[in-house]
Amino acid sequence: MTTLNQTTGPTATRILGVGSHQPERIVTNDELSLHMDTTDQWIRERVGIAERRFSAPDEKLVDMAVIAGSKALADSGLSPSDVDTVILANCTMPHPIPNGAAQVADRIGVKAAGAFDLNAACAGFCYSLGTASDLVRAGSAKRVLVIGAEKLTDWVDPTDRSNAIIFADGAGAAVVGPSDTPGIGPVVWGSAGDLVDTIGMNPNPAGGNKVLYQEGQSVFRWATTKIAPIALRALEAAGITPAEVDVLIPHQANLRIVESIAKKLRANGAREDMVVADDIVYSGNTSSASIPMAMDHMRAAGRIKPGDVALLVGFGAGLSYAGQVVICP
Amino acid sequence: MADKPSDAEILEGLSEIVEEVAGVSPDDVTADKSFVDDLDIDSLSMVEIAVQAEDRFGVKIPDDELANLKTVGDAVTYVSSHA
Ligand SMILES: CC(C)(COP(=O)(O)OP(=O)(O)OC[C@H]1O[C@@H](n2cnc3c(N)ncnc32)[C@H](O)[C@@H]1OP(=O)(O)O)[C@@H](O)C(=O)NCCC(=O)NCCS
């Protein structure tokens, strides 16, 4: 009988570096109020956003991914040749073909990279991080560049006031590689396909790309009841208690969802002084980019220190969700 | 569930939930009050109230039913007839 080789890799992995990129243009709530029937107060109270960034028409998703990915590589002190695989989490490429990851890898200078896009919507970064860590541990990849990048403004009706105020553009990235000690806990992931219709795409009344719709209250109910238990399972999988979490970084969907998750974790033993990501206030909801971008921004602001224990949890269309514990680089 | 709660018990339970979710004083939570117009509770807080009321009273309050519960009294009646 023929016998095949199967590989194994290092037993432990960690995040070696992070980086992010946001478009230059800041869009305030007051600016949005000029074009649609909304107010700064309504937006702040309902979703917690003060401003967000919109890409210029010629700034593509892959452009943002290249910048964030390059910064993450620089942050980890590695060069493109140290990486052999690129995963681009996203759900807003302009077309299904070609994928984005191969272009991003080529432009960053990762030669002949294993490169694929991963669509788990707003859970995409956590799915990709778990995949990257397991690829390294299985010996399939040496080091992986994981990027979440989105240009949601291409897929949102700018006159739809319940979505145009929420979604924004940007990119965040992390480099995953071998480690002496475990720095990425097991991913806890899953989906609720029975709720698929609560977030989807509708024909655009103005023609062109389809546009996003969501049943906001159903999604809110799901996120505020089902995600904290997933986060707790991620802690259990990593073998740590809620009290050991220094930083909570949920997907930045809506500040009220973030606060609800934090409250439930505190009711289960998380510390009052646990830092809770609120990057949505100045970045909006950037889907798969929101978690790495929040991590990068919070580190730059001194709110996260190297070695901090961070609990990540993403959730969104599908509906899909994923979470894991990581040690901050 | 134990015995079916009385309307007074449902009102008391709801007012505790409303206080916890939205910080409204239980004294203000009376049957004639509109959640949105009188108590200044928005649709997302209504979802949180519904979730807690489901746990507390063992009822299901789907989102489309929730939209019809305009006043505290509507909610009491709904819970009472579904508990
Ligand atoms: C989308 C979301 C902000 C909408 O809030 P909501 O309270 O559910 O809003 P509704 O659609 O019920 O609208 C409530 C009222 O506000 C109005 N409204 C909606 N958007 C508005 C805006 N931008 N400004 C002012 N008023 C607005 C509606 O027209 C409605 O008015 P009416 O009651 O007079 O008809 C909210 O449901 C939400 O954030 N849900 C979670 C979704 C999420 O996080 N998705 C991301 C997953 S990745």
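Just so you know, glycine gets a Cβ as well, placed from its N, Cα and C.
Just so you know, TrEMBL annotations never went through curation; they're auto-generated.
The region 'ACP-binding' annotation in TrEMBL falls on one of the ranges A:82-86, A:242-246, A:252-256, A:267-271, namely A:252-256. Within the same chain, residues at least six positions away from A:Asn285 (active site) with a Cβ under 8 Å of its Cβ are A:Val47, A:Ile49, A:Arg52, A:Cys122, A:Leu152, A:Ile166, A:Phe167, A:Ala168, A:Gln252, A:Ala253, A:Asn254.
Under the three-state DSSP scheme, A:Cys122 (active site) falls in the helix class.
Break the domain 'Beta-ketoacyl-[acyl-carrier-protein] synthase III C-terminal' (A:235-326) down by DSSP state and the numbers are 38 helix, 22 strand, 32 coil. Per DSSP, the domain 'Beta-ketoacyl-[acyl-carrier-protein] synthase III N-terminal' (A:116-193) is made up of 26 helix, 27 strand, 25 coil.
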